Every structure is written in C-alpha cells, then in structure tokens.
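Features of the protein shown, as given by TrEMBL:
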- 423-460: compositional bias 'Polar residues' (COMPBIAS)
- 1-121: domain 'ABC transmembrane type-1' (DOMAIN)
- 162-386: domain 'ABC transporter' (DOMAIN)
- 492-783: domain 'ABC transmembrane type-1' (DOMAIN)
- 820-1054: domain 'ABC transporter' (DOMAIN)
- 420-460: region 'Disordered' (REGION)
- 59-82: transmembrane segment (TRANSMEM)
- 490-511: transmembrane segment (TRANSMEM)
- 535-559: transmembrane segment (TRANSMEM)
- 625-650: transmembrane segment (TRANSMEM)
- 729-749: transmembrane segment (TRANSMEM)
Amino acid sequence: MNQLMSHRDRRITLMDEVLSGIKAIKLYAWEIPFIKRINKVRVNMELEAIRKVSIVRSVLAFVTSLSPFVVSFATFGFYTLMDNVSRGPLTPQLAFVSLTLFNMLRGPLEFVPKIFPDLIKARVSHHRILRFMTSEEIDSSSIEHLTYDRDSANATSEDVLVSVQDGFFEWPSNDEPVLRDINIQCRSDELVAVIGRVGSGKTSLVSAILGDLNKCSGRVKVCGSTAYVAQESWILNATLRDNILFSSRFDQEFYDQVIDACALRQDVDVLPAGDMTEIGERGINLSGGQKMRVSLARAVYARADVYILDDPLAAVDAHVSKHIFTHVLGPQGLLRSAARILVTNAVQYLSDADNIIMLQDGTIIEQGSFAQAMSNQKDIAGFIQTHAVIEYSSGDGNGNAEDTVAAGQNLEASENMGLHQVASRQSNTDANPNNGHALSPLRNQQTGRGNRTGVTGANARTTTTELKQQGRVEWSTYRVYFKACGLRNVGLLLIAMLLAAVGNVLANSWLEHWSSLNAKSEHAAKLDASAEKSVIYYLVIYGIFGLVGASSSSLKSLVLWTRCSISASTKMHQKLLRSVLRLPMSFFDATPLGRIINRFSTDMNACDESLPEAFYGLTEEIIKLISAMIIIGFTTPPALIIVLILILIYRQLQQLYLASSRELRRIESITRSPIFAHFQESIRGISTIRAYILQSRFIAENENRIAQNIRAYYTSAAIDQWLSVRLNALGNILVLGITLVTIALLHLYGIGSAGLIGLAITYAFDFTSSLHWLTRYGTNIENAMTHIERINEYTYISPEAADVIDDYRPKDEWPEQGEVEFKNYSTRYREGLDLVLKDLSFRVQPRQKVGIVGRTGAGKSSLTMALFRIIEAAGGQILLDGEDISQYGLFDVRSKLSIIPQDPVLFAGTVRENLDPFGNYNDQEIWRALEQAHLADYIRSKDERLEFMVAPSGENFSMGQKQLICLARALLKRAKVLILDEATAAIDNATDEIIQQTIRTEFKNCTVLTIAHRLNTIIDSDMVLVIDGGRLAEYDTPQNLLANKDSIFTSLVEEAKSSKTD
C-alpha cells in the first residue's frame, strides 16, 4: 500500500509538471513521450500495485466467504457424527437457529476485505504525514529578524538593514555549498547591485537572504519588513488590485502613485473592469513584462524597509526599464529611502548603485562603488565593458560604436558610450510608458497574443466556471465504464455471481432437506451404521454445495478486482490523458490546473477504488438477495407480497436519498478543485509568501476552502444516518411480517414445516440486510459514477486537429529548403473573438534570417502560434516549402520546426530525457549539441553527466542555463526552420551573445525567424518584418527600413535610443 501511494504521488507530480509545461510540450510535439512516461508510472507501477492489493482482497474475500460455511459445516459434522445419539438428530429447529447465529458472523467477516486495505492505507498515510511533519524545516533562527522603525528619532541612513557575514549556504537537496564566504551590507537608503554571469549564484544569494537556503555557517541579519520580487513573477489568480495590495490596506493616493511609477497606468485603463479585472491563473493573460511590473508594484505598495529584487528589469524593454529605474529603484524613485538589493545585468544603471557586488561560482570576486570599480579596472569593470561591447558589437549603422571602441582610453567613458549604443537597439514586448502605443494592456482580442478566454462582462473573469451536472447520471456513463471493464470480463463476473448464488441456495436447501428427514419420527427412531453412512453422504453433499458458493464468490471478487477494475482504470486513465494532452491551448488558458489535477487524482482514485468497492458490495448483496428471494418464494409464497411492497418502499427511500447524496458528491468534487488550485498556487509562490510574512493568510484561505469541501462531506454523512435509521426499521418490519406469515400458515393451514419456517426466517434476515446494503451500495455506485461522469466530460471536449493524418503525411526530408510563406493569412484565438492576424502575406526565402518586430500587442507571438498551429487559420494559408501545413497532422508540422521560447521549460528527469525524449540521438550527438550550447562543461561537472537528474521545473538550473538547454534542443533537432520567440528576454547580455553567435554559425543553412527582444539581435538580419495591429506593416532589409525616417522600424529604434537620453 505504501508503494501504491508513492506511485500515485509520483504520477500526480508528473502530471502537474506536464500540465504546467503544456505549451512547451505542444510546441516541441512531445505529447507521445510524455504520455508514455506517465503511462509507465500508471500501468507498470501504480496499477501493478493495485493488482497486488486486489489479489490480497480476493484471498481475504475467499476466506471470509468460506469462514461461516466452514464453521457451520464443522459444527454440523461434529454434531451428527459425534453427538447424534445423546442429543438427538439434527432437526430443522436446531439447524436453522444455529445457521442464523453462524450467519451473524458473516456480516463482520465480509467487512474484513473492505476494511483491511483501508486500515493499511490509514497506517501508511499516518506514517507519511508523520514523516513530513517531522522532516527538517527551515531554521528560522538562521536569520536574525529585527524590528526597525524608520520614523524613529534614532533611525539614520547609516543603519545597516541587511548584513551577511562570512556566510556559507547550501540548498536543502545539496550538501555542497552554493555560496561561499559571503560578506555584504546594505544600509537603509542604499541601492546594492548584484551582477554576474549565468549560474554565478545571484538568485542563490537572494534565496539566502530570504532564508530559503540552509546556512552552513556565518551570520545573516535583516532589520524591518521585507518585500520581494522573484525572477519568475508569481501572480495570484485574483484581480489586478488584489495582486498589488496583497493584504495591505487600500490607499487610493499611494496606489495611484505605484501604478504610475511601475508603468501600469495604461494597462489598467484598458482592462475590461479596470484594476478589478481578474488576470488569470499564473497571469496567463499578461505578458512577461506586465507580470514583472505587477510583481514590482506589489513590492512597492508594501512600503517595506528592505527590497530584494531578482532581475526585475530583464523582462521589460529599455524605455520601460528607464522609467522604472527612475521612478521606483533609482535615487529619485519611490524606494529611495529603503534598502534595495537589485540583481541585474543592466549595466547602464550601475553608476547609480551605492555598492556593486559581482559573483562568480558562488563567491564574491569583487565589490565596491561604481567609481571604485572603474578605478580598479578589475572584474566589475571588465563585466561592464563586455556587456557594453556586446550590445553595440552588431552595429546598426550609427557609427557611435566604432568611435567608442576607438577611444578606448577611458573605460568609464567607453562604457557610457557603449551603454548609449546599447539603448539604441533594445526593444522588448513592453514599450514607452509615455507613448500612446506603448504599454501592453491585458491581452484582449485586439492584441497580438489575444485573450484566449474571452474576457468580457462586468466581472471580466478569465477562468471558466466548473461545470456541475444535474440529476441522474446518464446511462451512457455506465456504458462507458462497463465497456472499459471489458464485456468478456463483465460476462465472467455475472457467471461467477450466478454460481455463487446457486451454491448458497443449494447448500441451505440441502440442509433443509437433510434436517427435515431427521425430524421424521420413523427416521429418527433408529440410528445404525447405515444411518452413519447417510450422515456422511448428506454432509459431503452439503460441503460440495457450500464450497461451490464460496469459491464462486472468491472468483467473482478476483474477476472484479483484478480484471474488470484494472481494465477500467487503465482505459479510463489512458483516455483521459490522451484527451487532455490533445486539448487546445485555449482550454488550458481558461481552466485552473487544480481543476484538471482533480480529475487525475480524486476522480481517478474513485475509478480505481471507490467504484470497484461499491460494485463488490453490490454483487455480494445481489447474490444474497437472489438466494433469499428464491428461498422465501419457495417456502412461504404469500410472504413475497410483503417483500415486493417493502422493495418498492426501499426504492422510494433510495431515490429520495440519492437525489441529495448525488448532488452532494458533485459539490464535494467541485469544491475540492479550488483546494488543489490554491495549494499549487501557494507552493509556487512560497518564497514570496514567506518574504511578506503572509503564511497565516494563505493557511486561513486553505482552511476556508477545505471547510467548504468538508461541509458537503459532513452533510452527506448526516443523510447517510438518516437513511440507515429508515432502512433498519423497514428491515425489522420485513422480518416480523415473514415470521408471522410463516407461523400462521403452519398453525392455521398446516402449510410448510419447521425446517421451512427456519429456512424462511433465516433468509428473511439475509434479505433485509441485503436490501439495506443493496440500497446503500447502489447509491454509492451512482455517487462514484459522478467521478466517471467528470472524467468523461474532458474526453468530450473538442480536441486539436489530428496528430497524424495517415493518408497524407509529408516526406521524411520535408521541409528541404525552409521556405515559409503566409498567403492572405488570418487567425483568431477562438471563435467569437476578433482576428489577431489579418490578411498577412509575405515570403521568407530559404536560409534567410528574418527579424520580426512590432509594438506590444501587434501580433508577433501570434505569428509563432500560427506557424506551430497552436491557433488555426480563420482564412488563408501558411506554406512550408510550398506545402499547406493545414493538410498535415499537428505532429508532422510541429516536429519539423524548432523553437527557442521566451520561457524555457525543463521537466523532472535526466538531462538526456530533457534533450531527447524520443531517444533519437546517440551520446556523441547530444554532447556535440551541449558543446555548441556552451553547457557541456557544466554537465560534465556532474558525476551522472547525461543521467544527471533535473529537478521538477528545472529548479536546479538557473534561468540562463535553462535557455541554453533549449538551444541544445534546437541544435539536436537541426530543423530547417528555427523560431526564436523573444528567447533572450530574461537572460544577461553575455548569454544572449552566446545564443546569437551559435545561431549565426550553426543555423546558417536554416531559415531563422526571430521575434526581437533586443534590436541588436535582429539588426544584422536579411529582412525585418514589422507587424502593426495584426497586419503586415513593413517588410524590407534593415538598411532600407532605417533609411526611411517615417518607417515604424525607425521609430522603434528611436524610442529605444531615447530611453538613454531622457
């Protein structure tokens, strides 16, 4: 059972990771390997463990069904063979009174196979909870948290609010220190900049100050309250205002200042419900820059004493970056009087920092003021110069870069000139906050990426409301389940049930016949050797019938648990998994992951356990009911009238109970989804929650959601008791009625015998018990079927286009040239929304390098989604080497393209699996790709090398390293068409240059489409494509576009330049 629960946890964790990275999986066409990976855990591990538990259940069922019979057989055998002379023969009165008492043992014994697994599960759960509760926790004493009153008369600008002395830190999962000999200080109004290359330990330093790393030695002190901006923005599934307030009191004046300072004013103004618009789970309706600005606004609004900011400027363009630095982070910003620790590679702002810290391999290699760094001419100065040179090395025809390099006599002057040139080329998805076209609003249907969920209405909700069915579960749901069980298995189950019922009836009928013969005076007068032979004969026949009944009952259990249940669990999960992974991205944008996970956890667990348990109990009671009906009808036919009347009353009670119970079960299922969603959301933002000391708020919210769920559960338990009282009362009435009828028939009309009366009363007890449990199990099945109903719901949603069209597949070498052509192409994110790309027509020649630019919301990323058929055409065509991609299956299209996305996604597993999930490449090819991606040395430093385990979501890799893994994937694939969708938005300039240089050399014979984050990455492109409002605005060489002073491209370049000269 412990293995079963561990395997189930592993499957759910893997499923959660797959759903979180579903967009990347679709872009890479990796559905098949992930389906196989999940099915491997499901079938080979989880269901195999269930099969073993089922075999144990079947053995227990055989023992418990055989035990009452063995007791009765042994008792009757010993009595008739050993004690027949002294006490008299086995009469009906003796036999059936004894049998009634023996059958009283059956009820408790029958619960053993049902309760035993639950007891083991409870024990395992207890140990798992105990192990978790006693596991190592964050040592709150490792950081000295001191109070600080900024308004105190004793407070000065010299107060040290953050201090790390001789600090050595390690991640909980790693015994090797990731930070060594750390010594830093940050005073109350200082700005401390932390710089360094990819993987140098910048984010680890932030985590150490927050207390998320284990402190090996040293001292860490933080005074006052803390606000934190994570490198990967954490956004609540709540309104924009709630995300910013984050439990703080609403102050309209200060709130407006924060909105303006963080360049969010225009975004708020165009939202459907202003700042009361729900922005979706994980901020799905916001761009990367918008999410970062919301996260920054949250920190600013907190009015904290200490601000820890992990690279907040990376996701915004040069102009917005300048605005934020000026109005928030810099010497004149809202945070000027607070202690600020800023991780950044935006070297243009380092001159405003009070202290600069440079990290390398987890160690501070230099720190000091900007002036000191320039004077020392060491690592910081070299880093600044390198980044400045990288920015202007591509050149845009301006000439300032050459002048700067030629000057070379004063590094600081050179750096400033270089930075000026950098600014002339930066352009991201966020634009000038003072420009009417600039800041991207929430992506509605007018924008490039579009609001796929259709944000409309006063409340502007972006997530759909979970559907709750009403009334009876449709018979089609039952058919789906029985079909999944396998018709052959169901047939075998029915045969086993029939044999069990026949065996039980024959055994008790034979006992009645035997005891009635003994009751005849002429038969009882003599007992000789021939009588002993007669006893053995009757005893053996009785034993055979009883053994047939018990064996058939065990066979029924075995078929139900190991064949029907396993078959249904396998097929239902595979059907759900394939259906969900083939749903369009619009579904995932509008559906919280917790809701989907609920289908794969709670609903699938009901399919695995609750439903088979209910069917097991139902089949047991049906066998007893059939046996009882036969016996009662044979012995006392008039009693059948009472039986039929009570059956109708039972049925009415069940319907009354079922109507409430079924809806309560549905409510319970629906209220469980928010628990999963909230828990996942809290785990993703745990560092932010701890930094703001809001654990109690999230615990209270979790408890509130659990309370809502438990309310339905306890109400269900209450009506269970309501039903039990009434069923027990009716059962007693039935037994009384049958007893009176049989006695009256015997005494008044001489109909029947003592043996038949005993048999009838014995089966009356069985009948009432069976009716009781039949009603209960029937209700349980209907309730459990609501889970199958919920599973089926996702299988009926319209999927994407076919993965593969067997009759129309491209050649293996397609595309050979890499020619891309859009012909009058239009698209929308879903029906009912406006077009996001409108009548696009352009051609990219083979091996051309094309930069794609445009203002925020112009439609750049929509073009990528269209090329990969994440969204489908509303008109026109996309041709790849002259072939219409809509004629091929999605797998055949997506697998022929490569992409380096803006948000790199890694999955739990080995490095090899993250690079080559299909297993198509050998070690030599993988190492060559890692070498070209400049990641081979890092992987070789790990003992496991290619088998090194990547943590869930790639948590043991830095952001830059994740991006290099994505580059290695593209290098392995060597597709003729490569798309870079703002691929370097969140990494430093040096890593950006590595990627750009590798692309220039390794993909020189490929067609490359680059959606620009920094203009220097596309300035040397063969062509530049400018999109405006979803339409093709300009398509020409960079030189020709820059020569036209009225071109949009020229205006973008000028806007980027102005951000450095404002």
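Just so you know, the numbers here start at 1 and follow the chain as drawn.
Each residue, glycine too, has its Cβ placed from N, Cα and C.
Ranking 490-511, 535-559, 625-650, 729-749 by CB pairs under 8 A with the transmembrane segment (59-82) puts 535-559 at the top. Stretch with the largest number of CB pairs closer than 8 A to the transmembrane segment (535-559), among 490-511, 625-650, 729-749: 490-511.
Proximity of distant same-chain residues to the transmembrane segment (490-511), defined by a Cβ-Cβ separation under 8 Å and at least 6 residues beyond the stretch ends, is recorded for 69, 76, 95-96, 99, 482, 538, 541-542, 545-553, 555-556, 559-560, 563-564, 619, 622-624, 626-627, 630-631, 759, 762-763.
Taken together, the residues of the domain 'ABC transporter' (820-1054) have an average pLDDT of 88. Counting residues per DSSP class in helix, strand and coil order gives 111 helix, 0 strand, 10 coil for the domain 'ABC transmembrane type-1' (1-121).
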